Amino acid sequence: MSSDLISNPISPSHSELEAKPKPDTEPASALESNFENPVSSTTTASTPEFITPSTSSSTAEVAVEASRKRSKWEDQAAREDELAIKIRKKNKLAAQERRRRERSAEERERESRLAAPSTSNTSSQYALSSVPPATTKPSTPRSREVPTISTRSAYVPSRSSHPSIQSCRSVYEYERLNHIEEGSYGVVFRAREKTTGEIVAIKKLKLDEEKNGFPITSLREVMALMVCRHENVVGVREIVVGDTLTQIFIVMDFIEHDLKSLLSIMPAPFVQSEVKTLLHQLLSATAHCHTNWILHRDLKTSNLLMNNRGMIKVADFGLARKFGEPLGDMTQLVVTLWYRSPELLLGKTDYSTAVDMWSIGCIFAELMLKTPLFQGKGEIEQIGQILKLLGYPNEDTWPGWSTLPLAKTINFSGPSSSSLPSKFRHLTETGLDLLSQLLYYDPERRISAEEAMRHPYFLEAPLPKHPSLFSSFPSQAAGERRQKPFESPSAPNHRHERD
């Protein structure tokens with residue numbers, strides 16, 4: 001017994017071995033786990049519960065971090081997409097603005113080219129304002145990279161895109177040939193451009209030296225000629241200047257004849273087909289002016305130019321002015337006396353387009369008579385000749401005529417019948433009707449230019465002659481000697497502020 005104790009001093013006693021319960025057989029996984037992790041068997045059951053919570057917490061943190069980074073990337077991508085959209089929109093607006101400026105420049109150049117006939121050198125040589133042609137750069141493929149944002153506004157054009165301001169040319173670019181005529185508001189002479197050799201007409205404006213600045217009549221003339229561009233209105237090419245600021249010239253198309261001089265040397269009046277052609281062209285030009293709210297206020301045969309191809313050109317807009325609705329007060333000292341309407345002779349100031357239509361009626365009669373219809377030496381004699389031919393007005397033919405300022409100074413007692421049929425025996429009934437409507441007393445019922453163009457007179461035989469079939473005559477404006485025509489009064493020379 002002592003030997004056993006010596007050989008195994010720490011071995012348990014037999015009773016202790018019997019009292020200690022034998023453990024069940026452990027599975028292989030548990031044995032392997034105990035082998036890999038040398039811990040007591042009493043803690044083996046709690047080991048999975050300790051490892052599993054730690055692993056789940058680490059996985060959740062990784063997922064949250066990944067989700068946060070993904071959200072950050074998505075937000076950044078969304079901001080970049082929004083920025084790219086804004087840049088594309090900004091570039092699109094800039095491109096639209098650039099195209100608009102280019103189209104505007106092209107339109108201005110087209111208008112300047114239309115201002116003057118085309119020549120072998122340049123078509124816009126005589127334009128009042130010259131605009132350089134718009135240039136476009138060749139398109140280049142756009143980069144896929146997001147462009148940088150420019151701090152310059154897309155609506156502010158670059159300095160180089162603004163057209164340069166050009167000064168007026170000198171009148172010495174032209175060679176003076178001969179004097180044509182002189183009126184109340186300017187002197188006209190024929191000239192040749194030195195570079196091209198083209199013949200033009202140049203009008204020197206008579207500037208009012210008593211007042212400072214450019215005279216209103218000259219401004220109105222230039223404005224009216226620019227607004228009323230029409231095939232039957234004389235064309236303006238450019239404005240040129242002399243040595244001083246008071247020497248202003250208008251360069252216009254040269255037209256060979258004026259109707260006043262032409263009628264004076266014609267052996268016989270125009271035939272009806274020619275009268276219709278000339279009258280219709282005059283009505284077309286007048287209708288265009290009235291549509292653009294321009295009154296000519298000095299229509300007469302000396303202001304109607306005619307080239308060798310039978311084309312009429314309305315000229316001399318020295319008394320022209322813009323009107324509006326409602327009508328305002330204007331001076332009655334307009335229109336050459338022989339072509340002045342009754343309402344102007346009686347002092348009416350709120351007149352309208354009817355004053356031009358009365359003048360056209362006088363021109364219509366003059367084309368058939370070769371002489372002016374009324375040739376009064378003063379206003380009283382002029383209104384007397386009108387009353388004698390057309391009869392005396394009454395409240396039926398001209399309501400309110402007795403209230404005009406000068407109506408009480410004239411005796412209007414007399415027959416109301418018209419003598420037009422007896423004076424124009426060769427004129428057809430429709431032609432006489434058109435003449436009567438043009439020379440109607442009441443300006444409110446006087447025919448308009450557009451209505452007159454549609455009158456049956458132009459549709460009956462003989463039909464209007466084509467302008468190219470007109471006879472040609474030597475040009476007095478070109479410097480040829482002619483017999484002196486009858487002397488007609490000049491246009492009124494007024495300087496009223498309210499005109």
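Cβ coordinates are placed from backbone N, Cα and C, and glycine is handled just like the others.
Automated prediction, rather than curation, is the source of TrEMBL annotations.
Residues or ranges marked as compositional bias 'Polar residues' in TrEMBL: 1-14 (among others).
Residues annotated as region 'Disordered' in TrEMBL: 1-161 (among others).
Marked as compositional bias 'Basic and acidic residues' by TrEMBL: 15-25 (among others).
Annotated compositional bias 'Polar residues' per TrEMBL: 31-53 (among others), in sequence order.
Residues annotated as compositional bias 'Low complexity' in TrEMBL: 54-65.
What TrEMBL lists as compositional bias 'Basic and acidic residues' is 66-85 (among others).
Residues or ranges marked as compositional bias 'Basic and acidic residues' in TrEMBL: 95-113 (among others).
Taken from TrEMBL, the feature compositional bias 'Polar residues' covers 117-141 (among others).
The compositional bias 'Polar residues' annotation in TrEMBL covers 148-161 (among others).
If you average pLDDT over the domain 'Protein kinase' (174-458) in this model, you get 90. Residues annotated as domain 'Protein kinase' in TrEMBL: 174-458.
Look at TrEMBL and you will find 465-499 (among others) tagged as region 'Disordered'.
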When secondary structure is assigned with DSSP, how many helix, strand and coil residues does the compositional bias 'Basic and acidic residues' (95-113) contain?
19 helix, 0 strand, 0 coil
Pull the DSSP breakdown for the compositional bias 'Basic and acidic residues' (66-85) and write it out as helix, strand, coil residue counts.
20 helix, 0 strand, 0 coil
